[in-house]
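Annotated in TrEMBL:
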TRANSMEM  21-40  transmembrane segment
TRANSMEM  52-74  transmembrane segment
BINDING   GLU112, ASP141  UDP-alpha-D-glucose binding site
ACT_SITE  ASP141  active site
BINDING   LYS283, ASP307  Mn(2+) binding site
ACT_SITE  ASP448  active site
TRANSMEM  520-538  transmembrane segment
TRANSMEM  558-581  transmembrane segment
TRANSMEM  602-628  transmembrane segment
TRANSMEM  648-668  transmembrane segment
TRANSMEM  680-697  transmembrane segment
TRANSMEM  717-734  transmembrane segment
Amino acid sequence: MGSNGYLPLFATRPARGLVLFRSYAASIFIGICFICFYRVSYCPVEGKTKRWAWIGVFLAELWFSFYFFITAVVRWNPVFRYTFKDRLSSRYNEEALPGVDIFVCTADPRIEPPMMVINTVLSVMAYDYPSEKLSVYLSDDGGSDLTFYALLEAARFSQIWLPFCRNLKVEPRSPEAYFSYAAEPADDSVMAKEWLFVKKSYEDMKMRIETITEQGRIPVGISKLHKGFRDWDLVSSRHDHQAILQILIDGRDPNAMDVEGEPLPTLVYLAREKRPQHHHNFKAGALNALIRVSSSISNAPFILTVDCDMYSNNSETIKDVLCFFLDEEKGHEIGYVQYPQSFGNLTKNDIYGSSLRVVMEVELAGFDGNGGPCYIGTGCVHRREALCGMKYSKEFKVEWRATKNDRGIKESASVLEENCKALASCTYEENTQWGKEIGLKYGCPVEDVLTAISIQSRGWRSVYFIPERKAFLGVVPTTLLQSLVQHKRWADGDLQIFLSKHCPFVYGRERMPLMLQLSYCNYLLWAVNCLASLYYVTVPSFCLLKGIPLFPKISSSWALPFLYVITVNCAYGLVEFVWCGGTVRGWLNEQRMWMFRRTTSYLFAFIDNILKLCGFSKTAFVITGKVADDHVYQRYEQEIMEFGTTSPMFTILATLALFNLFSFVGVIKKVALDEVHMKVFDLFGLQILLCFILVFLNLPIYQGLFFRNDNGKMPPSITYQSLTFAVFACTIAMY
């Protein structure tokens, strides 16, 4: 209970088990101190190669120790939020609730199919919230008439889908997701008839959209059905066209009703203007155009941003989030509320570690305890003022007025469309603060993290909320290369922020808590991990072949700190992963993928940043594919790692895997030929253990190189290159 007997709309509770984590962290810290003391005390004096290899391992371990400290800071004080929607309903009737603008972004119909896009749109249109208070905007950066056609079909289908969702209390409210598992009602013949009718209507719509998408063009007969198609007569290409804006459902129109006579949400299609001579600033530019356009059409005080592959899985998401913003005591401090990213196409053991379970369940809750989570690009509700550059002050008062919605039209939709097109022109932002101090930030592949730092640096608080039912479900990459490229982009952008003036220690030093500044380093320094990781993956194995020990003997008491840190860290990580809903095999996959990312994705991200600092490279944005070939997807479901194409990343992975395999075989041969048998093992035991772990984690690489015949195997050219490099490295080590 708050002050003066006030009942808050949300509660904040610390995580359970903090004593266990802090005891674990303290014990690991003690182990690290012993390891550091050993490294300093027993640094070799003789042997130049051994001394430098020893110093390099020590520096790598110092980095891992520093990174463990940063991780401990993130997890030191996690908090969890709980909402009271019943209290919200008792204080605010439907007429008093504020409006919400919902932004859905898509960029390429070939990578993000129109059917997937409209399922997301329909799911957010059907929220359990007054429809007249919702306005849904689709930003189509691909400028595709195929996407526009699909949205036009969705607008028609929403007239039967929204009342169907209300009557049956449908969850989730994405038609594709719902009909893929829901069964026809058996106890009500009238409802069963309606269920079959809606399902057939959806399947007919799906067939029409997919047929036209496969054809790649809009038939003449269909293009005459809506005036919006005429805009594509002036389109030169997806990178060179005028602004296209169509209000498909005008929420102000009293005739915009569903089949039951209830109002429909506003639905707007926008393809902002693009010209080759003007930089369009990727997703950040698209969202900023939507902010401006929506301010003239609906101007809701709260904005939900959703990727086109993240459909709504919880119809009460808006009510949950308003429990934070409308709380009379603390709501005015909150700039945005971030939901976790969850995914619907994960395999049982998450072969590519794409779920980021511990990040979503633990680390972002730790961010919340340290001052507020970062914005992760989707599933986030922003306060419009905070997103548009306003600084927080204690005197700030909520200005939105929630009055009964006047569905009379002040100006025609066509006039409003023409007036708003200027706001989506490619020259509108020239000589303005858009992308700098207003809206999402430009100049970085991870505009979401940069925008979060900017908002928090202006004094706003952010909140992380994990609802009982997942708020959104998205799509993860289904191939190894897609996953590695995605992480390369993230790590590249994160390090770019750290090396820029927007580094939290510089940009946010006045208003961001120190614990939050340190927490950001957990992600901003992802790319730097490549250096220590590559050293640990290569040099100990190299020294095995040369007969240089880098760790204490197994029989020495100094081996205990190393064994303790390794064993306890792995055990705690496994328990934590399983507690977050994972499996033991899933944890092994997660460890494998972190190794793969650190030696490829983060390496290329680090190199890209160095090149940018030297002026040899520019920021690029890569869209992660959302569709896969049937055979590729079948292998993904069977949890068979997908290679199938050439990439420098695969060459590095295969070379490292083979080099460690050759080193392991070589040292096992030495152990077998050793007269005492235990002498070599005693001297190199920890190095052999490290090499064995690396070989074990690389098992899918060996399968792809030598034991598979499907199209997803490692290409022969990669096999030959990696064999050559690995044999060459072993030759150097041995001679």
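Each residue, glycine too, has its Cβ placed from N, Cα and C.
Curation plays no part in TrEMBL annotations; they are all automatic predictions.
Since the structure is predicted, the reported quantities are computational estimates derived from the model, not experimental observations.
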LYS283, ASP307, ASP448 filtered to the recorded positions whose C-alpha is within 10 Å of ASP141 (UDP-alpha-D-glucose binding site):
LYS283
If you measure from the Cα of ASP448 (active site), which of the binding-site residues GLU112, LYS283, ASP307 is the nearest?
LYS283
Could you pull out which residues elsewhere in the chain have a CB under 8 Å from any CB of the transmembrane segment (717-734), counting only those six or more residues past its ends?
542-543, 545-546, 643, 646-647, 650-651, 654-655, 657-659, 661-663, 666, 705-706
GLU112 (UDP-alpha-D-glucose binding site) and ASP307 (Mn(2+) binding site), Cα-Cα, nearest whole angstrom:
10
Neighbour count (Cβ, 10 Å) for ASP307 (Mn(2+) binding site):
24
Taking the Cβ of ASP448 (active site) as centre, how many other Cβ atoms lie within 10 Å?
24
Where's the emptiest Cβ shell within 10 Å among the binding-site residues GLU112, ASP141?
ASP141
Euclidean distance between Cα atoms of GLU112 (UDP-alpha-D-glucose binding site) and LYS283 (Mn(2+) binding site), Å:
14
